[in-house]
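*Asks:* Quick one: this structure, given as structure tokens, is what I'll be asking you about.
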């Protein structure tokens, strides 16, 4: 059973509907105790890094997530801002500490690259390592992105990259911690396939 974490910073309905389409049982986790009932966790997210961390702290999710992910070793999937929160720090609205599951930081796309920010739309993935989420998904497949910030971390944690002005991290994997900068729930059949792969872990 997959817990969709409700910390007032994500569109849970679209993710829940996507899991329903593939027959994966899920529920909305509104408090830290709910995480104990799940065998997998999903952290969605839209909006500001700093505001999201503030919400997680106020709702008591930070220590609960660290217990479930780092000690209990439950698989977790972070989507978009959810992925960024897995890093050590972000700079949106000032320096802010993240969950620290993966070493690295979150920075904004450089405005001098003549890019439209946010990066919004379909983009091709370069899959770099065997990540169970990409089972049955071909390299160079397109997924849907909406973001102004991107992750900088060690290559060993990067499972896919995409190109927007320069190459950036499209997904991460470290042990049973998985994350996508793109939105699988908005990425049609391939997105559903990726969510199905996560549900089957």
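Indices start at 1 and increase along the chain as displayed.
Placement of Cβ uses the backbone N, Cα and C atoms for every residue, glycine included.
What Swiss-Prot shows for this protein is this:
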type     : residues : note
ACT_SITE : 80       : active site, nucleophile
ACT_SITE : 183      : active site
ACT_SITE : 185      : active site
DOMAIN   : 1-201    : domain 'Glutamine amidotransferase type-1'
*Asks:* Under 8 Å Cβ-Cβ from residue 183 (active site), six or more apart in the same chain: what's there?
*Replies:* 79, 80, 143, 144, 145, 146, 191
*Asks:* For residue 80 (active site, nucleophile), which DSSP three-state class applies?
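*Replies:* In three-state terms, residue 80 (active site, nucleophile) counts as coil.
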*Asks:* Give the number of CB atoms, excluding that of residue 185 (active site) itself, located within 10 Å of its CB.
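*Replies:* Excluding its own Cβ, the number within 10 Å is 25.
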